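These notes concern the structure reproduced below.
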Amino acid sequence: MIKIIGLDPGMSKTGWAIIRLEEKNNIKFLGGGTISTDGKLGVGERLHIIFEQLKKVIFLYSPNEAAVEKIFINKNPKSSLTLGYARAIAILILRMTDLPMNEYDANYIKKSITGNGHADKGQIIFMVKQIVKSSNIKCHHTADALATAICHAYTKNFCFMGIGS
C-alpha cells in the first residue's frame, strides 16, 4: 500500500498529513497535525524544531512518497524568505530520508480538491473531510497538508490505477 505525506510548510506553523491509498480507490487519513514554533525563538532554533518533528513523523508513519506545497511570493519579502527557510527544511528531511517528492502550486492543489483554484480555507477543510470521511480535521494547516497529499495521489493517478490496493 502506498502512504503519502503532505506538507504545508511555514515558519510559525507547518502542517503535515499522512494518507494511505486503499482498495476501491479509498483514501484513508492516518494522521496529521501542526508543528508550531515560538516566534520568540531564533530562526535556527525554530528550524531545528521543524526538522526534528518532521523526522519523527516520517519515522513513525514510514511514507513512500511526499508532496509539498510550493512557495508563493508574499507582498512582504521577509515573510516569503522565512517561508522559504521552512520549505528548505521540509525538503531537506525528505531528501535525507530518500522520499520521492513532488511540489504543487496552491491553486493547483485547490482545483484538484475542490474544482476551484481559488477556494477558501473553509471549502478546502470541507472537501478533505468528505474525501477521507473524517471529521477530525480542524486546523487549516493540517487540511492544507492533507489536500496536498490527496492532490499528489490524484495527480499520480494512484487512486485510478488501483496501485493503492
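Each residue, glycine too, has its Cβ placed from N, Cα and C.
What Swiss-Prot says about this protein:
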ACT_SITE  Asp8  active site
ACT_SITE  Glu69  active site
ACT_SITE  His141  active site
BINDING   Asp8, His141  Mg(2+) 1 binding site
BINDING   Glu69  Mg(2+) 2 binding site
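DSSP classifies Glu69 (active site) as strand under the three-state reduction. In the three-state DSSP assignment, the secondary structure recorded for Asp8 (active site) is strand.
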